[in-house]
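Database features, via Swiss-Prot:
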SITE      ARG12  site 'Important for substrate specificity'
ACT_SITE  ASP70  active site, proton acceptor
SITE      THR71  site 'Important for substrate specificity'
SITE      GLN154  site 'Important for substrate specificity'
Amino acid sequence: MAVLVLASASPRRLDLLRQIAIMPGLVDPAHVDETPLKGELPVPHARRLAEAKALAVAGRHPGAFVLAADTVVACGRRILPKAEDEATARQCLELLSGRRHRVVGGICLIAPDGRIGRRTVTTSVTFKRLSHAEMAAYAASGEWDGKAGGYAIQGLAARYVRDIQGSYSNIVGLSLFETAQLLDGFGFAP
C-alpha cells in the first residue's frame with residue numbers, strides 16, 4: 001500500500017487528519033514562495049499554492065500519495081498576510097473587526113500514478129467589532145504567529161467569531177470532508 005506524505009509543516013493539519021483516522025506515513029513540508037501574483041485573487045491563489053506544494057514534494061516521493069493545502073484569509077479581493085509580527089497581526093485584526101471575511105482553502109492530492117485531484121473550499125467568517133483593548137490583548141498573546149489572517153479560530157480568537165458559514169476545519173487549516181473525498185476517490189485506504 002502506498003504511503004501518504006503530508007506536504008505541510010502545520011501541526012494543525014496533522015492533528016486534523018488524525019481526527020479522521022488518517023495517519024500520514026511521512027511529513028515533508030514544501031518550501032514555495034507564497035507571495036500572491038500581481039492581481040491574483042484569493043481562490044486562484046490558494047489553488048496555485050496547494051498544487052505548487054504538492055508538486056514540489058511529489059518529486060521527492062515517487063509512488064506515494066502527496067497531500068498539500070494552503071489557507072488564505074481574504075477581505076473582499078484582498079489577501080491578508082500570514083502574521084509574522086505583532087504589527088501585522090494588529091493590522092489584520094483591524095481589517096477583520098466587525099466584518100465578514102472569507103477563508104479559502106486549497107487542497108491538492110497527487111496519487112502514486114500521477115493523477116492530480118484539487119478542491120477549493122470557502123468558509124465565511126464574521127468577527128464582532130473588536131475594541132482596541134481586545135486587539136492589543138490578542139496581539140500580545142502571540143497566538144497569531146504564522147497564521148493566515150493573523151488569527152487562530154481554534155484558540156483565543158474563537159471569542160471574536162460571531163458567525164461561521166461553511167467548514168470549520170477549513171478555517172483551522174484543512175477541510176476534512178473534501179480531503180476525505182479526494183483520498184477516497186483516489187483509492188487511499190487508511
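Any Cβ shown, glycine's included, is placed from N, Cα and C.
Structure with Swiss-Prot features highlighted.
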residue	record	Cβ contacts under 8 Å, 6 or more apart
ARG12	site 'Important for substrate specificity'	GLN154, VAL172, GLY173, LEU174
ASP70	active site, proton acceptor	GLU34, HIS45, ALA46, LEU49, ALA50, LYS53, GLY105, GLY106
THR71	site 'Important for substrate specificity'	ALA46, VAL103, VAL104, GLY105, GLY106, ALA148, ASN170, ILE171, GLY173, LEU174
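Look at GLN154 (site 'Important for substrate specificity'): DSSP puts it in coil.
Residue environment of GLN154 (site 'Important for substrate specificity') contains 16 other Cβ atoms, counted within 10 Å of its Cβ in all protein chains.
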